[in-house]
Amino acid sequence: MKISRKLRLMIIIFSVMIFSISIQYVWDLTQAERTMSSYNKVDTLTEYNITVEFLEDNMFLKGSQEFIYTNHQKVPLKNLYFHLYPNAFKTIERVPFEKEEIQRAYPNGFDTGYIEIASIKEGKNTIDYKIMGEGATILRVTPEKSLAPGEMLQLFFDFKVKLPNTIGRMGYGENTVNITNWFPILAVYDERGWNLDPYYAIGDPFYSEVATYNVTAVIPKEYQLAATGNVTKIHERSNKKTYNIEADLVRNFVMILSKNFQVREAMLENTRIFSYAIDGLKGELALQYSLDALKIFNSLFGKYPYEQLSVVACDFFVGGMEYPNVVMISQNLYEMKEDFPLEYVVAHEIAHQWWYGIVGNNEVREPWLDEALTEYSTLMYFEKKYGAHIKEQIFEKMIKAQYENYIDFEADRGEKILRSLREFDSSWQYSSIVYSKGAMFIHEIREEMGDEAFIKALREYFEAFKFKNATTEDFYNICQKNTDKPLNNLFNQWLNTDM
């Protein structure tokens, strides 16, 4: 989630000027038992076994990928479809940035990025494929025969990726190499069929199922690596380091590389938290914020089920971005005099580990679902840590203020929350409606249900849909289940009308 553009950061900074936050920790948290039972309830997972080498001289990734998939659909599949997100960076006309962002995204001028497929094999046989879709970001693979329900398929890909010199999600800058959305990843097949959306410039246009990843990453020995999953082995030879990494029940796999990381770590129960930063003092602060967020969200929603979480300072012109087990935080936030923007974004991105990472949703079709929950969860973090009065100040002077400013300057009336990414004209509109109005809606749900029922509903939602993809209807049903008050009109008014 691209939490903020420059304007959103200005609002955060403005809110800091309006009120100050007393650094007093309030811990009234109860610890729930870790439950991993859901692991046994998930269908046979898709498996990605990837070997990749980072070639620093020309900023390429050279990769091979074994892909193992079982058809859990009720119909045979003639084709499989994969996203090729790096191709969105191939030409300046199609890059996933708005026009006003181009200069910040490419401070050294435009530099191309792309993925090339060398071959795809089923067993020893080369099979047909076609690159298609907007910006050539979709790969259609045709197996030798249709894949019947319950049948398994094994494919082998050889590919290379050119990393662009951009400080967006994928690319590189002065300090970090951001390797995200970089390999052929299976599109989601759901009740609407295959979801083949392009890489939109607005929002987080990603929708995926949980899978198993076994990755062997070869990098120059001068680099350190932050990644999804658990590093099981590091082997050094000559001028290279080889990492063996395993990740289960995650929606994607990312790596962030740097020669300049200062790494700090801490344990919270069964999870090791890493802080990767260029500035050691701010890295320590980010680590403390991460510990606080993990502890609070564990208490509120249910236990974070993974063994590690990495908070990484990146060359990244946007505030923050969530990936499984990894959150990207803009280096700009570490360089600010004020600590509040860093704390806010760290808490927000860690909240996304629950709402996107563990409980997934279609971020293209229903982006409000994870973003509004995450934005309101961030308010709950400040409420738990600093008290209700601080939460109320942030809610009034940042969340509501942004939405009201948008209405005053950009629109004559309110706008509905429930819409797809393609229906937004700008990130300012998207942020104001999905984040701010979305958080206002979640607040109204809490007010209507009462605190106890609201928290119970969030915990049930987490337990019911962990490692799955949920919908707005699913969220409504669980909320309604936990209260005798009818919620249909409230949901319909906020989500579907221009109030």
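The backbone N, Cα and C atoms fix where each Cβ goes, glycine too.
Among the candidates E335, E366, E371, the one that TrEMBL lists alongside H348, H352 as binding Zn(2+) is E371. When the alpha carbons of Y435 (active site, proton donor) and E371 (Zn(2+) binding site) are compared, the span between them is 6 angstrom.
In this structure, the C-alpha atom of E349 (active site, proton acceptor) lies 10 angstrom from that of E371 (Zn(2+) binding site).
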